[in-house]
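**Q** Quick paste from TrEMBL:
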- A:12-33: transmembrane segment (TRANSMEM)
- A:53-78: transmembrane segment (TRANSMEM)
- A:53-257: domain 'ABC transmembrane type-1' (DOMAIN)
- A:90-114: transmembrane segment (TRANSMEM)
- A:134-153: transmembrane segment (TRANSMEM)
- A:193-221: transmembrane segment (TRANSMEM)
- A:241-265: transmembrane segment (TRANSMEM)
- A:286-313: transmembrane segment (TRANSMEM)
- A:330-529: domain 'ABC transmembrane type-1' (DOMAIN)
- A:333-356: transmembrane segment (TRANSMEM)
- A:368-397: transmembrane segment (TRANSMEM)
- A:409-428: transmembrane segment (TRANSMEM)
- A:466-488: transmembrane segment (TRANSMEM)
- A:513-533: transmembrane segment (TRANSMEM)
Amino acid sequence: MLTTAERRTAIGTGLSAFAALVVFVALAVYALFRPDLPPSQTSFWTPYTMRVLRFTLLQAGLSTLLSIGLAVPVALALARRPRFPGRLWILRLMAVPMGLPALVAALGLITVWGTQGMVNDLLLGFGLDEPVNIYGLGGILLAHVFFNLPLACRLMVASLDRLPGEYWMLAAQLGMKPAVIFLRIEWPALSRILPGIGTLIFMLCATSFTLVLVLGGGPAATTLEVAIYQALRFDFDPARAMTLALLQIGVTAVVLAVLSLLPAAEEASVTTGRRSRRLDGRGTASVIWDAVMICCATLMLLLPLGAIVWAGVRADLTGLLTSTAFRQALATSTMVALSSSIAALLLSVAIIGARLTVRETKTPGKPLLALSAALGTAPLLVLLVPPVVLGTGWFLLLRPLASGSSLTAGLVVSINTLMALPFVIRVLEPAMQEHRRKTGRLTASLGISGWARIWRIDRPALIRPALLALSFAMSLSLGDLGAVALFASNDFVTLPWHLYSRLSSYRTADADGLALLLGALCLVLTLIGTSGYERRGNSHG
Amino acid sequence: MGNILEAPEIRLDAVELTLGATRFRLDCRIPAGAITAVAGPSGAGKSTLLNLIAGFETPTNGRVLFDEKDVTPLHPSERPVSLVFQDNNLFGHLDVFTNVALGVRPSLRRLGPPEREAVSAALVHVGLAGMEHRLPPSLSGGERQRVAFARVLVRRKPVLLMDEPFAALDPGLRLDMASLLSQLHRETGSTVVIVTHDPEELRRLSTHVLFMDRANILLQEPTADFLSHTDMPMVSQFLAG
């Protein structure tokens, strides 16, 4: 219910936002295709690129299998015990890795599983002298499982908790044995969502940069993204970076295409859903098995988190906080995070607004419908071209120009903006849609429009979801190492880069302290950013 | 379908149970081989009564007796009971045949020819001949409840508990299902307990009534007596619909 002028403005703004997005991505991709390099250098299928591609797919495939394979028994155990004390906290704990910067988690994992870590000390104590090696494929898999097992587990528990309570009563009454319950009830429910979860995890692992940079990196354990970074920053071989970037786009395109064909897993009511009564799994063996599964998963998450805190508080925190380097990095990070999250918010509002306006139009006609569909692909476009690839394209474009820190800052802000866009749209779109549905006709009939409508009608209803989205976007940007890695210089250091350079120069105590500060900051922002979901769930429970 | 085991009288003997802040004290006799309606305002504890008989709830005190046999410590699968809920009686991803066959044998082994025949015969009996391979989402609400009845038939249990089995159906269909239920009851002679909100259904089907309010059983009497109990405001309110 908008006036014609308002409709035009809404659609025009959305179109401009989308155009800016497309141009930014397209320019980067265009730079990757530039033919001005000698053909011998741009050959695609060298043994090196093949090895990197194979390792990228191998580690992503193994990470996916391990994460899901280990998550299934944990999810079954958690779903089978809907009301033990601490269950809600374990499920909340499983959301923590989502808000933790990869670099911070890597540090925690090294403290637990590294050469001088707790696990190896324990193994040595038992007389085993083969220490677990955190570097290489093993470490990458460990880190990917740390991030993705909880994700898979939450989605699976949600899907099992959503099964009708009558199923469990019928199963008990019909006298179904555990194997039958698994094959007849639990597995059919899980198998519907497993392809979607698997592809999502594969996507996350195939584009994972920071974890591979810190834990892999050697020639034997390099993924496309890290190889791009090495080609640009160490070997200065733009041709190779281009080839690798194109391969990376190819991989993400295939995975995204598969993902779009699969049903998505919903997480709606994971922590507050109706708790069904489970009558199976009363035997001692079953109770012990489930307890072991749940404890192992919890420990796997808690130990690295605990290690971050434990190592962090032993660092000279006041010294760190007052150091010039830290203050500068904090200022830079805050600037980048604030500008990129506000930009992501504005772009998202423009794009969603245009889509909703088209949807409300009575007879939209083909061009408008096509536009709306195109706007809907914005999040997809961003996922298709990962940050490091975007960065590579722009790196190549801007190479001829003198590099300045304001240019660098602009690029990092833009890339972080794009990274946050899919998440911001996902938080805002349902809220804006609901708001329009509730208030559209009334505001139109009262003739409230323009700034009056934005201030008096939209602001009160949408300020909360907007702040949530902003907080989540800031956390993403604050923890990001990918975009910065390509452009960081002495004049442009963000917190994650500061932390990474401390780690690379073996200032481990400093790194531990920084990891604690950065991790805490990002977690608080993510918690604020996701608090809306649980509150919404509670009002129903 | 033939007669099954002797249908028992069900007795709740000084049963006590606390759920959250609600304390139940239930004491009643449900006559053998009759249809007993459980009525009362929502939240009165009607479903909890069924859960106690089925074994989904265990009393903190008192006993649940089938004739003279104490079934209190028995697991739901060990009690001679079948259940029909208002909804979700069928596993949505399994076809009609498998859903009924689970009542014969809840394992993964395939059924032998006589058992397969019994399943098909039960489907014919409830008016769903030839629907073996349909999936529950493709059936109407009434058809789904008929499949649930077919499973009750193949299970051949002497007690049938129903929690508002027809509440989700429209009135015409409710009438059909009620007559199917009376027909099946005439054939099997089982002890039926049916929770209902519908005074018409209570009149049509039941010979006895348990009237509950706030976790207590207020009345237990033949339906004819209950219908004349209009001096109680709660009863007249219920009968007014």
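Every residue number used here counts from 1 along the chain in the order it is shown.
Including glycine, each Cβ sits where the backbone N, Cα and C put it.
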**Q** Taking A:134-153, A:193-221, A:241-265, A:286-313 as candidates, which has the most Cβ pairs under 8 Å with the transmembrane segment (A:12-33)?
**A** A:241-265
**Q** Same chain only, please: residues at least 6 beyond the ends of the transmembrane segment (A:53-78) with a C-beta under 8 Å from a C-beta of the stretch. Say none if there are none.
**A** 87, 90-91, 137, 140-141, 144-145, 148-153, 156-157, 160, 182, 186, 190, 194, 197-198, 201-202, 205-206, 208, 212, 216, 220-224, 247, 251, 289-291, 293-294, 296-297
**Q** Determine which residues of the chain contact the transmembrane segment (A:286-313) at the Cβ level, with the cut-off under 8 Å and only residues 6 or more beyond its ends counted.
**A** 70, 73-74, 76-78, 80-81, 90, 93-94, 96-97, 100, 104-105, 107-109, 111-112, 117-118, 145-146, 149-150, 153, 178, 280, 512-513, 515-517, 519
**Q** With Cβ-Cβ distances below 8 Å as the criterion, list the same-chain residues six or more beyond the ends of the transmembrane segment (A:241-265) that contact it, or say none.
**A** 29, 32-34, 37, 42-44, 46, 49, 52-53, 56-57, 155, 158-159, 192-193, 195-197, 199-200, 202-203, 206-207, 224-225, 227-228, 231-232, 380, 383-386, 388-389, 392-393, 395-396
